[in-house]
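Engineer: So that we are looking at the same thing, I have put the structure below in structure tokens.
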Amino acid sequence: MARKKFSGLEIXLIVLFAIVLSIAIALVVVXASKXPAVIKLPSDPIPTLRMEMTYHTDYMLE
């Protein structure tokens, strides 16, 4: 019985599938643990920009 050799395209697709699968598993683990991927310490010297959207009903009444 002859052994099948994979073509270059098949090898590239297998590698791409493995990479996408590992990223998907990592995202599921991070989402399931509900822990942030990056933890900022209170002594972090980099300021954090917080943007908040507010809706003013006064403008909507006009």
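Cβ coordinates come from backbone N, Cα and C, glycine included.
Just lifted these from Swiss-Prot, have a look:
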TOPO_DOM  2-12  topological domain 'Cytoplasmic'
MOD_RES   SER7  phosphoserine
TRANSMEM  13-32  transmembrane segment
TOPO_DOM  33-38  topological domain 'Lumenal'
MOD_RES   TYR59  sulfotyrosine
Engineer: Which residues of the same chain, at least 6 positions away in sequence, have a Cβ lying under 8 Å from the Cβ of SER7 (phosphoserine)?
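Structural biologist: Within the chain, SER7 (phosphoserine) has no Cβ neighbours under 8 Å at 6 or more residues' separation.
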Engineer: Under DSSP, the topological domain 'Cytoplasmic' (2-12) has how many residues in helix, strand and coil?
Structural biologist: 5 helix, 0 strand, 6 coil
